[in-house]
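Student: According to TrEMBL, the protein carries these features:
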DOMAIN    21-428  domain 'Aldehyde dehydrogenase'
ACT_SITE  GLU211  active site
ACT_SITE  CYS245  active site
Amino acid sequence: MVSYSDLVKKQREFYLSGGTLDLAGRKKRIETFKKLLIENKKAIDDAIYNDIRRHASVMSDVDYTLAEVELTLKNMDEWLKPRKFETPKDAQYDPSSDELHLVQEPLGVVLIISPWNAPLICSSALIQAFAAGNTVILKPSELDPTYAPLIAKIVPKYFDEKEFAVVEGGVPETAELLKERFDHIIYTGCPPVAKIIMSAAAKYLTPVTLELGGKNPVFVDESADLSVLAKGVVGAKIFNAGQACICTDYILCTPAMKPKVIDALKTGFDALGDMSKVPANARIVNDRHFKRVQGLLKDTKGKVVYKAGGETDEKDRFLPLHLVEVDSPDDVLMQEEVFGPVLPIMTVPSFDAALNHIKRNEKPLAAYIFTEDAEQTRRFVRETSSGGVTVNGSCAHMAGGLPFGGVGNSGMGRLMGRYAFDMLSHEKPICVRNKLKANFAL
Ligand code: NAD
């Protein structure tokens with residue numbers, strides 16, 4: 001492997017030479033990535049299983065990524081078409097001699113720093129970086145000790161490093177890499193590290209996309225269908241053992257609702273059976289995170305009201321689901337992103353108090369409400385700010401081709417299809433004068 005500086009130089013030269021411009025080349029890179037995914041699906045699934053014990057082919061793994069590939073191949077001709085605009089008749093323009101166009105141009109070299117909990121989640125950015133005509137350097141997380149070396153080994157078999165390269169390493173390597181000049185950086189992870197990334201990017205005024213997390217609230221309204229609540233919340237909490245950026249982090253409800261909510265959740269928890277015996281039920285990723293989640297349980301002033309899914313097994317990094325009654329917004333479980341199988345529940349006097357709590361804390365990546373009341377739903381969506389909302393469920397807004405991303409402390413920029421394509425492109429307005437007829441198609 002060449003040095004980071006030589007690698008970036010090589011990719012930038014390829015971009016500057018026009019190597020990434022033509023449409024056929026862009027499609028070929030996406031097709032090649034598709035081939036890589038198909039031919040190595042088992043190895044990738046096994047690596048993710050080995051690192052986090054998550055079942056293959058669920059959200060953010062190979063099948064999900066292939067869907068983004070297909071969507072892009074189907075639509076990129078359209079996305080890349082130069083658009084012609086009507087020339088206004090005013091003092092500045094003459095419609096008989098002037099033409100207005102908008103054309104897409106690539107940015108250059110894109111750095112993607114991906115997280116361990118969903119290593120393929122950044123593939124939307126990767127595919128759209130290719131569609132938009134950029135080169136990519138991917139830095140997978142060192143906390144995926146099987147996946148990171150696997151992807152680093154596979155990629156050079158399919159791609160020349162001038163168009164796509166993988167750089168392995170942890171904090172020191174990432175810090176070195178960030179000394180280089182990139183044309184866009186996409187980082188997925190936590191806010192404190194995002195600040196380091198953004199400071200490094202500032203040196204070259206490099207734009208950043210930050211896909212972060214946060215404390216995703218769940219408000220249970222008095223009108224909620226509680227059987228729906230149990231399914232929605234418990235399902236999200238067991239996916240990846242709660243280690244998902246859009247996981248249901250904590251529950252708010254009124255005192256009158258609390259016993260009913262707890263009962264409904266207990267029923268949902270009980271339906272799981274002994275999760276410690278389910279081999280593909282994700283474990284906590286490493287000892288540090290296991291101790292961190294155990295630390296939250298130790299430091300909380302709250303009371304564990306229910307535990308389900310098996311017995312704690314430190315060697316296997318298995319923690320059962322814990323439901324914890326919490327009294328104060330200052331409790332550690334209401335302050336830190338849980339990122340594990342622990343679910344705090346806190347009462348608020350009213351729906352307005354819940355809105356107030358959500359509004360006055362950092363903007364989360366996702367917000368959830370369980371209700372049968374359309375007006376409460378409207379107010380929840382209008383009066384709180386978050387990356388996205390699912391009503392009577394969880395995580396479901398991260399689908400259907402809608403943009404995915406945070407706001408405020410939960411991030412900036414948008415992944416998925418056209419939204420990520422636009423983010424990794426520069427849309428350039430052109431005015432051609434003097435009756436010249438120009439064609440900007442690729
Ligand atoms: P992390 O921030 O520790 O690591 C992510 C990447 O950053 C890794 O590649 C790592 O090597 C690098 N990194 C870590 N420390 C660094 C430093 N000091 N300097 C330079 N690079 C550094 O990720 P994490 O905290 O383990 O991930 C969990 C967080 O990610 C949660 O907050 C979760 O909500 C969030 N997340 C968000 C999304 C999303 O799409 N929004 C997806 C997954 C995870």
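Keep in mind that glycine also has a Cβ here, set from the backbone N, Cα and C atoms.
Note that the structure is a prediction, hence the values are computed from the model and not measured.
Help me see these features in their spatial surroundings.
Tutor: Remark: GLU211 (active site) has ILE121, CYS122, ILE186, TYR187, THR188, GLY189, CYS245, PHE404, GLY405, GLY406, GLY411, GLY413, LEU415 as non-local neighbours, by Cβ distance under 8 Å and separation of at least 6 in sequence.
Every protein chain shown contributes to the tally, and the Cβ of CYS245 (active site) ends up with 29 other Cβ atoms within 10 Å.
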Student: Could you tell me the mean pLDDT the prediction assigns to the domain 'Aldehyde dehydrogenase' (21-428)?
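Tutor: Here the mean pLDDT over the domain 'Aldehyde dehydrogenase' (21-428) amounts to 94.
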